[in-house]
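For S26, G27, G28, P29, D30, S31, the entry in TrEMBL reads ATP binding site. Per TrEMBL, domain 'Lysidine-tRNA(Ile) synthetase C-terminal' is recorded for 382-454.
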Amino acid sequence: MRNQVIKTIEENGMLNKGDKVIVALSGGPDSISLLHVLSTLMDDYNIKLYAAHVNHMLRGSESDEDEATCRRFCKENQIEFFSKSVDINLIACENNISTEMAGRDARYEFFEELLKKLNANKVALAHNLNDQAETVLMRLMRGTGIEGLIGIKPVRDEVYIRPIINVSRQEIEGYCKENNLPARIDQTNYEPIYSRNKIRLELIPYIQQNFNADIITTLNRMCELIKRDEDYIQENAIKVFQKYCDIGEDKVIIYKDVFYLHPSLVSRVIRKALLEVKGDINNIQSIHIDNIINLQKSGTGKFTIVPKEVLIKNVYGNIEITRQKKQCKVDIDTIINLNMGNNYIEELGLKVYIRYIDSDKKMNFKSNDNIKYFNGTNIKHITLRFRRNGDRFSPLGLKGSKKLKDIFIDLKIPREKRDFVPLLCFDEDISWIIGYKISDKFKIHEGVKKIIEVSVERQEKHE
């Protein structure tokens with residue numbers, strides 16, 4: 001086993017001289033053998049080891065004994081030990097997730113805490129060859145793409161490493177016996193209460209007995225071959241992403257050009273965009289990718305939401321992926337009276353400054369998109385409001401008027417934002433679609449005596 005671990009470390013560049021490695025230690029055969037074998041390599045690689053244990057509080061006194069066993073083992077082997085107790089049942093109920101997912105989230109949260117606290121740079125996880133096969137079968141039945149069939153990656157984000165990923169469970173049990181390691185046995189692992197347990201206890205033995213006795217090795221060989229091809233496709237997908245996508249704050253735009261490319265590239269670009277916005281692609285399934293591709297083919301403005309409150313929109317053929325934010329609630333029927341001087345509109349995050357200026361003063365009326373100048377002759381009231389049914393507007397340079405709805409479409413303002421575009425009005429007429437166009441009706445021409453200057457400052461982005 002030790003030689004296989006060294007081979008895996010070397011082939012995947014898992015360890016470097018001086019690394020500080022946190023080992024995820026549950027107390028079971030996998031994790032305790034991982035910690036032990038890495039401890040025998042400390043001098044060879046000049047690394048520092050720590051152990052991290054999360055008490056899930058799921059099995060009463062047995063959970064406490066797991067923690068105590070881990071603590072004793074680390075003390076005997078002079079490895080610094082860190083533990084944390086988390087009520088996994090409570091977290092699962094509060095967040096409406098499975099205890100498996102709640103436990104995973106709690107562990108990774110603890111690892112991240114320790115990485116910062118210890119200034120460590122690696123976390124070693126105890127996934128093995130059998131886990132790999134179980135994962136692939138589980139993903140196959142759930143529905144997955146080629147990337148999912150790669151299984152568990154030996155290295156993730158250059159932080160999480162899996163040194164025993166090529167070691168079978170049988171080899172691990174033999175290693176524990178050979179080295180007299182105090183491995184704890186979680187009896188729930190032998191109960192078919194989770195999907196993974198059913199695959200391990202029922203499906204794989206059935207396949208071994210009836211179809212392929214060496215199914216574990218076969219599946220892992222398949223993973224290796226798929227990974228080789230996937231690496232090549234992914235490399236090209238990243239190039240497409242960099243060329244055809246814009247990354248903003250909590251937002252990625254996938255331009256329509258992407259969707260003319262090969263489907264294998266399209267799906268990977270979408271996954272990359274979701275990763276940028278969500279921070280992970282956990283719970284993203286092929287059906288979500290298909291929904292986004294179908295959305296791009298549908299009409300502008302339609303949207304769908306994928307896990308973790310991510311908003312997907314089709315904006316004139318481009319796909320916008322945005323992390324949902326709480327939007328300020330504005331009454332769209334509100335009419336805000338504006339006065340000369342400063343006007344602060346907190347709900348919109350706007351400051352509007354209005355003044356009369358000398359018509360004899362030479363001005364560059366196109367000097368700033370946030371400052372506009374209007375013919376102020378015979379204007380009695382200045383207000384700010386949102387669109388209404390039947391609104392019409394006369395854009396500068398256009399004789400006559402158009403429906404405001406049609407102008408919003410021409411300006412490619414997303415449908416869900418149109419109700420919240422502020423409109424500056426002089427008496428009953430729209431003089432400025434703020435941020436977009438001014439009205440021809442209030443343009444300044446020779447001989448105008450009364451000019452109104454309006455400046456708008458956005459103090460907070462309103463979506």
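Every residue gets a Cβ built from N, Cα and C, even glycine.
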Determine which residues of this chain, when S26, G27, G28, P29, D30, S31 are set aside, have a Cβ within 8 Å of the centroid of the ATP site's Cβ atoms, and list them as they appear in the sequence.
L25, I32, S33, L34, A126, A183, R184
At a 10 Å cut-off from the C-beta of G27 (ATP binding site), count the other C-beta atoms across all protein chains.
24
So what's the average pLDDT for the domain 'Lysidine-tRNA(Ile) synthetase C-terminal' (382-454)?
88
Looking at the binding-site residues S26, S31, which one has the fewest other Cβ atoms within 10 Å of its own Cβ?
S26
Determine the Cβ neighbour count for D30 (ATP binding site): the number of other Cβ atoms within 10 Å of its Cβ.
24
